[in-house]
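K.L.:
Please see the structure below; I have some questions.
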Amino acid sequence: MMKFCNQILCLSLVLSLSMTTLSFAQTCSKYKFSSNNVFDSCNDLPFLYSFLHYTYDSSTGSLHIAYRHTKLTSGKWVAWAVNPTSTGMVGAQAIVAYPQSDGTVRVYTSPIKSYQTSLQEGDLSFNVSGLSATYQNNEIVVLASLKLSQDLGNGGTINTVWQDGSMSGNSPLPHPTSGNNVRTMSTLNLVSGVSAAAGGAGGSSKLRKRNIHGILNAVSWGIMMPLGAIIARYLRVAKSADPAWFYIHVFCQASAYIIGVAGWATGLKLGGDSPGIQYSTHRAIGIALFSLATIQVFAMFLRPKPEHKHRLYWNIYHHTIGYTIIILGVVNVFKGLGILSPKKEWKNAYIGIIVALAVVATLLEAFTWYVVIKRRKLEAKTAQHGASNGARSQYA
């Protein structure tokens, strides 16, 4: 059982760590604009099937751009922005575009002042000219010229944000707050052409924190807790495993709790760092998990002895809370996978782990009942045989 536990933990760590690489390869260098526009440089943006073509004049601070967003479905808006003050969404100076029912494309500027923005039209903190957009073959192309100030250029490096979302009539709806839609930030050096994910060359620091949060919680609540319950329920049947099963169970559940608390704390920190992005159900389940698990830990200090008259009621409480934690833990791992949107094979891998644990538990359940029933029959037969011998001795 311990070997099985170690194998599951190793597999889960490989699964979780591999969730940190999420991108796709594209190329923009050979693209030809139908309007015969030519740009000095271009970048394949790592998410949302987007590309940025640009020409930068460092002597004047003029930036001529073409933002392309491909593979668009109907009823979608797109946006590209420069953020003069930070690497995030708030403070971004955006250009928004969406196709209209008459076949034209509406394009306008919108300063982002809060996470609750509805992309209202407004002037940006710098001048924008030559604004136009086209929509053809599920691709929007936005053209614009930006006049960046000396400070905004920052040695040629700017913070960029790009995004897409759905429409409700002629009103843009909030963009999704999971998956690739929360990774669309980068810094771009307009002189060298070097682009990096906002927060570091290795990827967004916030994304790394999200992945760490996912790793800790998937391993603790999603794998170790169910494994600890399996150990407690089925190892105890073997008389030779007593009391070793208890200490293994306590070690597994205590480790899961400690790791889970660390994951819960990182989740609270992520929520505090992103006030405009809320995952209410995921957060509520996480708080419930932490609360129930903490109660479970402290209840261990009040555990009556096996022969105590209240032990039955304590067992009912302990099992009810324990199985509730397991169910909520697995559900919340799937909620987290939906938020992180890793590659499909990693979600399938976690499903495989859970299915494997369920199959093992089912087989052990059947075997346990077989052992228990056989043992009870043997004990009943032994008791009956003893009673018969006693009766014969009485009348001998």
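Heads up, the Cβ atoms here are built off N, Cα and C, so glycines get one too.
Sharing the features that TrEMBL gives for it:
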- 1-25: signal peptide (SIGNAL)
- 48-165: domain 'DOMON' (DOMAIN)
- 177-373: domain 'Cytochrome b561' (DOMAIN)
- 214-232: transmembrane segment (TRANSMEM)
- 244-264: transmembrane segment (TRANSMEM)
- 284-302: transmembrane segment (TRANSMEM)
- 314-334: transmembrane segment (TRANSMEM)
- 349-372: transmembrane segment (TRANSMEM)
K.L.:
When the domain 'DOMON' (48-165) is classified with DSSP, how many of its residues are helical, how many are strand and how many are coil?
P.N.:
7 helix, 66 strand, 45 coil
K.L.:
Considering every residue in the domain 'Cytochrome b561' (177-373), what is the mean pLDDT value?
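P.N.:
That region's mean pLDDT is 85.
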K.L.:
For the transmembrane segment (349-372) and the transmembrane segment (284-302), does the number of C-beta pairs under 8 Å, pairs 6 or more apart in sequence, reach 3 or more?
P.N.:
no
